[in-house]
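Trainee: My questions will all concern the structure given below.
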Amino acid sequence: MSQGKIVLLPFGRVLAEPGQLLESVYFPLSGFISLFTAVDERHSIEVGLIGNEGMVGSSLALGVDSSPVHALVQGPGKALQLEADVFETALGNSATLQRVMQRYLHVVLGNLAQAAACSRFHLVEARLARWLLMTQDRAHSPDFHLTHELLAHMLGVRRVGVTKAATALQQRRLIRYSRGDITVLDRTGLERASCTCYRADRALYEEILGSRQSRGKPLETELTPVSSPLRNSAKPIN
Ligand SMILES: [Zn+2]
């Protein structure tokens, strides 16, 4: 009998909060979850995006039972949910799962460092292009919904800054943007408009968790739920 269950992740569901006990871990099968950190009551910035290539609750693999960041469902979908103690037991019983978790945490650390550098050095328009590409990868669709407010959170800028950057990308015919409904019209062009951080994140994932580390499959395949190295390692506990 499976020890995990498939749950719906509705828009706006909080999956983790700093300082609160992590009761479950989530392996998204669809949809996407935004990780953000608050600097004060009014300001927060997105530091990561989790889709079916990753998981929420990875701190447990470090022996810490709370998350350092907020995790909020931004793209509704489904996830495999495991109770924290079930996950910890599985981790204790599986050297393979431990190895993949260590490598995954290395990627997470690398992505956080990249996000810090990105927000300091790269222009808002290029950063918006990057987040839209990351979102498209996890939404598995060129069409998705992101509110103006969320985009401002993602980029750590005022809403007017988002409007300016989104309008610029739209005028270049790379995206269509209307009341939060986004369509990526020109993926290749958007990749060119993005800062180098998008490619750097993907390259790190490929290097640490990609084809050479798993079963010789390309990154695109690794981003699907059935072949995610994290999820495959989690299989024996089901
Ligand atoms: Zn950047």
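Placed from the backbone N, Cα and C atoms, the Cβ positions cover glycine too.
TrEMBL lists these features:
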- 122-188: domain 'HTH crp-type' (DOMAIN)
- 216-238: region 'Disordered' (REGION)
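How about a rundown of where these features are and what they're close to?
Mentor: Counting residue by residue with DSSP, the domain 'HTH crp-type' (122-188) contains 39 helix, 11 strand, 17 coil.
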Trainee: Can you tell me the mean pLDDT for the domain 'HTH crp-type' (122-188)?
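Mentor: Across the domain 'HTH crp-type' (122-188), the average pLDDT comes out at 94.
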